[in-house]
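TrEMBL annotations:
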{"type": "DOMAIN", "residues": "1-200", "note": "domain 'GH16'"}
{"type": "ACT_SITE", "residues": "Glu86", "note": "active site, nucleophile"}
{"type": "ACT_SITE", "residues": "Glu90", "note": "active site, proton donor"}
{"type": "CARBOHYD", "residues": "Asn94", "note": "N-linked glycosylation site"}
Amino acid sequence: MKLLLLVAATDFNTGVDITWGGDRAKILEGGRSLQLTLDKASGSGFQSKNQYLFGKVDMQIKLVPGNSAGTVTAYYLSSQGPTHDEIDFEFLGNLSGDPYTLHTNVFTQGKGNREQQFKLWFDPTKDFHTYSLLWNPQHIIFSVDGIPIRDFKNAESRGVAFPKNQPMRLYSSLWDAEDWATRGGLIKTDWTKAPFVASYRNFNADACVWSSASGSTSCSSSATITAPTKRAPWLSQSLDSNGEQKLKWVRQNYMIYDYCNDRGRFPQGLPSECAI
């Protein structure tokens with residue numbers, strides 16, 4: 001029988017595993033914070049110990065300060081394999097004084113190409129800010145400091161796959177992508193500014209934890225999923241009118257790219273979900 005539990009993890013020692021980069025990734029303050037470092041030899045990264053099938057994940061991140069051109073700080077949920085699902089935040093560095101680009105994407109059954117990009121309304125290197133992913137059977141909502149910036153809706157009725165069967169882990173990494181990250185690769189990483197450091201705290205996963213012992217690939221029939229409780233309001237959450245207004249404000253003032261407006265990229269017609 002499948003085991004689904006609601007959890008909240010705030011201790012990095014018990015909530016994540018350092019997966020690469022050696023001592024460039026460090027858990028600090030008794031598990032209350034984590035630091036990723038990038039130098040010319042290597043970046044670094046971590047992943048959640050648990051896999052989730054629906055949930056709300058929050059992380060406070062302070063991005064690489066100063067000249068961060070060429071660097072990418074990635075924070076995302078992902079399953080594994082050629083038909084993987086993935087929900088992405090990627091923070092693309094820039095020259096000192098120029099704003100970061102916040103890049104988002106959604107992969108379903110191995111298919112991505114659903115990029116939306118934003119500038120932020122604050123300097124993400126001066127302090128910690130909360131970046132949240134809410135994932136339930138009908139919505140994937142990206143939020144920054146509680147303000148929704150993107151709502152990817154279930155469009156299965158239009159033949160668009162939606163992530164709902166593959167459990168995903170949370171991953172984060174700091175790495176060098178100077179060939180494309182800043183102005184399409186025109187601005188390269190300045191290694192005299194290394195090491196580059198991104199800082200993390202307050203990791204919380206209010207989510208359904210997947211048990212691989214059962215070998216089950218779907219939790220859509222679980223009573224826990226179809227009958228959300230007060231313990232898991234996110235299971236049926238959507239944007240209310242206030243949330244829709246905030247989303248509209250972000251799109252009008254801070255969105256710099258939307259694949260649904262890029263007709264030149266899709267000469268045979270925009271993807272079906274763009275009609276929603």
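Glycine is treated like the rest: Cβ placed from N, Cα and C.
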Check each residue in the chain of Glu86 (active site, nucleophile) that is at least six apart in sequence and keep those whose C-beta is under 8 Å from its C-beta; list them in sequence order. Tyr76, Leu77, Ser78, Ser79, Asn105, Val106, Phe107, Gly112, Met168
Do you know the mean pLDDT across the domain 'GH16' (1-200)? 92
Tell me, how many other CB atoms lie within 10 A of the CB of the residue listed as 'active site, proton donor', whichever protein chain they belong to? 19
Using a Cβ cut-off under 8 Å and a sequence separation of 6 or more, which residues in the same chain sit near the residue listed as 'N-linked glycosylation site'? Ser68, Ala69, Tyr100, Thr101, Thr182, Ile187
